[in-house]
Amino acid sequence: MLYVRHTVGSRLFFETNEYQIKPVDNEWEISFSADKESANNLLQFHDELNIFHVEGEHQKTWYYSSEGIVHFDKGNNTISIFADHKTVYPV
Amino acid sequence: MIQHTPSTKRFTAENDWLVSNFSFSFGPYYDPDNTNFGPLRVLNDDIIQPGKGFGIHPHREAEIVSIVLKGQLKHEDSLNNVGILQFGDIQRMTAGTGVLHSEFNPTSDEETHILQLWFMPNEKQLTPSYEDISFDPKKLTNQLLPIVSTNGGDHVARIHQDLTMYLSKVDAGKEIQFEQQVGRKIYLFVIEGSFTINEEVTLNERDDARITELHEITLQAKQDSFILLIDLPGGEE
């Protein structure tokens, strides 16, 4: 499952089990579908997003983009977040 | 200008181990007109039940200050800091590029009451760091005691922002003055008691006041009062 949350107080923007996380050099392109309104709302907070990838009950992976690089492809209704930070931690 | 927010206007989030009152947008509470006052972005007034707390979670790009009002708070983080704080202790954490931490009430029988404040840092991508300091509660009486500042010092935590946080316990009938530089602002939060600002506005327990364009304020305690005052940059809001 993938969760996209605000850095202040963890307000949830997206929760989806349909996503892609593609390593690109030392970064990660995280993509998922979104409608235009939700995407525009997310883009307002592009530099204050934490992305959590949860697989199983015992660990989470935290990603973020230090430069706030988030793109919305209107043709495909796809958001792509280009993360340059990744931390795996136990829960 | 003095913008007074009564405690009843705060958003309350509650579950079986936590009651939290948010003075600014946080978590499920989002008001685009109440996201910050200058660099101050969060003031959460939390009551944590015995043996409970916040499990491991990350932070970034925030200066986080915790003030324990009652009970104990156990902190552990990914920088290998472990500590138990109580009244008289102040914790400052620079989240910077990212830190993981947990916060628990380590006792079996006493609630923990804390204020947690988040500020925007004056620089991005800072190296994460942690500090806790202790102040002498006797020095709070009828004066503003600095507990956090830009430069830090003895019994004063250092923060990466142009601000100073003060605590004070003011006896009923006593006054304290604060002079503010032009172009700066003042945030006031009543921890206990009741007082007036410049004989104009009365603040009661857990109320706040967001003050701009006033260069001198006089706080007169109507009852024994415990206050938090923050001298913040910027005066435009």
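The backbone N, Cα and C atoms fix where each Cβ goes, and this holds for glycine too.
A quick note: this is a predicted structure, and the numbers were derived from the prediction, not measured.
Annotation source TrEMBL lists Fe cation binding site at B:His57, B:His59, B:His101, B:Glu103. DSSP assigns B:Glu103 (Fe cation binding site) to a strand. Its Cβ placed at the centre, B:Glu103 (Fe cation binding site) has 22 other Cβ atoms within 10 Å.
Summed and averaged per residue, pLDDT over the domain 'Pirin N-terminal' (B:11-118) gives 97. The feature domain 'Pirin N-terminal' is assigned by TrEMBL to B:11-118.
What TrEMBL records for B:147-232 is domain 'Quercetin 2,3-dioxygenase C-terminal cupin'.
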Run through the domain 'Pirin N-terminal' (B:11-118) and tell me, per DSSP, how many residues are helix, strand and coil.
0 helix, 64 strand, 44 coil
Note down the number of other Cβ atoms within 10 Å of the Cβ of B:His59 (Fe cation binding site), including every protein chain shown.
21
If you draw a 10 Å sphere around the Cβ of B:His57 (Fe cation binding site), how many other Cβ atoms fall inside it, taking every protein chain shown into account?
17
Counting by DSSP secondary structure, give me helix, strand and coil numbers for the domain 'Quercetin 2,3-dioxygenase C-terminal cupin' (B:147-232).
0 helix, 53 strand, 33 coil
I want the residues beyond B:His57, B:His59, B:His101, B:Glu103 whose C-beta is within 8 angstroms of the mean position of the Fe cation site's C-beta atoms, in chain order.
B:Phe54, B:Ile56, B:Pro58, B:Asp77, B:Val99, B:Leu100, B:Ser102
